[in-house]
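A short write-up of the structure that comes next.
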Amino acid sequence: MKVLAAIALSATAFTGAVAAVLTQEAFLNNPRIHHDQEKYLIELAPYRTRWVTEEEKWALKLDGVNFIDITEEHNTGFYPTLHSASYVKYPPKMQYAEEVAALSKNLSKENMKANLERFTSFHTRYYKSQTGIQSATWLYDQVQRVVSESGAAEYGATVERFSHPWGQFSIIARIPGRTNKTVVLGAHQDSINLFLPSILAAPGADDDGSGTVTILEALRGLLQSDAIANGNASNTVEFHWYSAEEGGMLGSQAIFSSYKRDRREIKAMLQQDMTGYIQGALNAGVEEAIGIMVDYVDQGLTQFLRDVVTAYCSVGYLETKCGYACSDHTSASKYGYPAAMATEAEMENTNKKIHTTDDQIKYLSFDHMLEHAKLTLGFAFELAFAPF
């Protein structure tokens, strides 16, 4: 055990004295320390922690500082590294080009636009707000409808509300295969206005409404495959819409923590956070491309992701870095699962209007979102049949 090295910025003298002698585990398990004083333990880099108030959380995000809130989800010892080696072997080349090409023709920009227009009509999707619960309920109904209309429910497909204490629930659509080896596609459903989260509007069109409707459309396209819908794929496929990413990956941590306890076999996780904004790249004279994260990700899965983009998308990819704890793939990595992440562009050219009232649909490209939907579909289909 390591003695906790850092104490909260405004911690009391009592807390400081306690922290000096307690191990990290004991400190984390002491509810009086962080609950009575409304402090949250955040991690800004592997093993670099700090106690902060909620207001300090938002101030850090305004400054562009990433973190993961580990107040409830304690140190598990599973931390991602820059050059992590895969323990899972992924296909060296695409095996189902004909099937994926046929399914991709059914993907619809119009569906994504209609869904995003409705999704951004909620005043905010802040995870502690009533409208955040309402938006999650609407999204749950859409996922349920997609699964029901495909007929997959007759073969065991389910849509689950994964409850959290803050109100807004996460959503898990599970399409069973012949084994419990599982491939996860994720996006976060919550939005936030960092200036006054509980009051100001947060349409969150790009962050991460775009990712939310992208993977929803990919789910609809994937379920057009009888083999997938009828449960004949080799592996199980899940689509996740996480609550409370903006609070520090709270929803995804809860899910992957439960998966670790249940000894779930998660063979791959792909997060897509912001899939619609390309004007920043175009203004910079950079070609439209999908941004692929190369830091704090599984290197083998990331190589497979590159191969998927090359095979199934009409645009290329550019490698980029977002630092530690930039989205929900961090939670999968934390619990020892191989994870990758894709976004709309290189990080320096991504949308700068996020977390404000101006994160609106009018700035987004549904053509680009369609490329992300193709990516999602190809990734899911190929790994659904991969011989893990």
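Using N, Cα and C of the backbone, Cβ positions are placed for all residues, glycine too.
Note: ASP207 (Zn(2+) 1 binding site) has non-local neighbours SER191, ASP273, MET274, ASN351, ILE354, HIS355, ASP359, i.e. same-chain residues 6+ apart with C-beta under 8 A of its own C-beta. What Swiss-Prot records for HIS188, ASP207, ASP273 is Zn(2+) 1 binding site.
Long-range Cβ neighbours of GLU246 (Zn(2+) 2 binding site) (same chain, at least 6 residues apart, Cβ-Cβ under 8 Å): LYS61, TYR126, TYR127, HIS188, ASP190, SER191, ILE192, HIS355. Under the heading Zn(2+) 2 binding site, Swiss-Prot lists ASP207, GLU246, HIS355, citing similarity to another entry as support.
Annotated disulfide bond per Swiss-Prot: CYS322-CYS326, in sequence order, evidence recorded as similarity to another entry. DSSP classifies CYS322 (disulfide bond) as coil under the three-state reduction. The Cβ of CYS322 (disulfide bond) has ASN66, MET293, ASP295, MET341, THR343, MET347 as same-chain neighbours under 8 Å, each 6 or more residues away in sequence.
Annotation source Swiss-Prot lists N-linked glycosylation site at ASN106 (among others). Taken residue by residue with DSSP, ASN106 (N-linked glycosylation site) is part of neither helix nor strand, so it is coil.
The DSSP secondary structure for ASN180 (N-linked glycosylation site) is coil. Sequence-distant contacts (6 or more apart, same chain, Cβ under 8 Å) of ASN180 (N-linked glycosylation site) comprise THR236, ARG264, GLU265. Taken from Swiss-Prot, the feature N-linked glycosylation site applies to ASN180 (among others).
Mapped onto three states, the DSSP output places ASN232 (N-linked glycosylation site) in coil. The feature N-linked glycosylation site is assigned by Swiss-Prot to ASN232 (among others).
According to Swiss-Prot, the feature signal peptide maps to 1-19, an assignment based on sequence analysis.
Neighbours of the Zn(2+) 2 site: apart from ASP207, GLU246, HIS355, residues of the same chain with C-beta atoms within 8 angstroms of the site's C-beta centroid are LYS61, ASP190, SER191, ILE192, LEU194, ALA202, GLY204, ASP208, ILE354, ASP359. Around ASN106 (N-linked glycosylation site), the same-chain residues six or more apart in sequence whose CB sits under 8 Å from its CB are ARG220, GLY221, GLN224, listed in sequence order. Sorting the binding-site residues HIS188, HIS355 by the number of other Cβ atoms within 10 Å puts HIS188 first. Highlighted in sequence order, ALA187, GLY204, ASP208, GLY211, GLU245, GLU246, MET274, SER327, ASP328 have their Cβ within 8 Å of the centre of the Cβ atoms of HIS188, ASP207, ASP273, the residues recorded for Zn(2+) 1, and are not part of that set. Here the CA atom of ASN232 (N-linked glycosylation site) lies 35 Å from the CA atom of CYS326 (disulfide bond).
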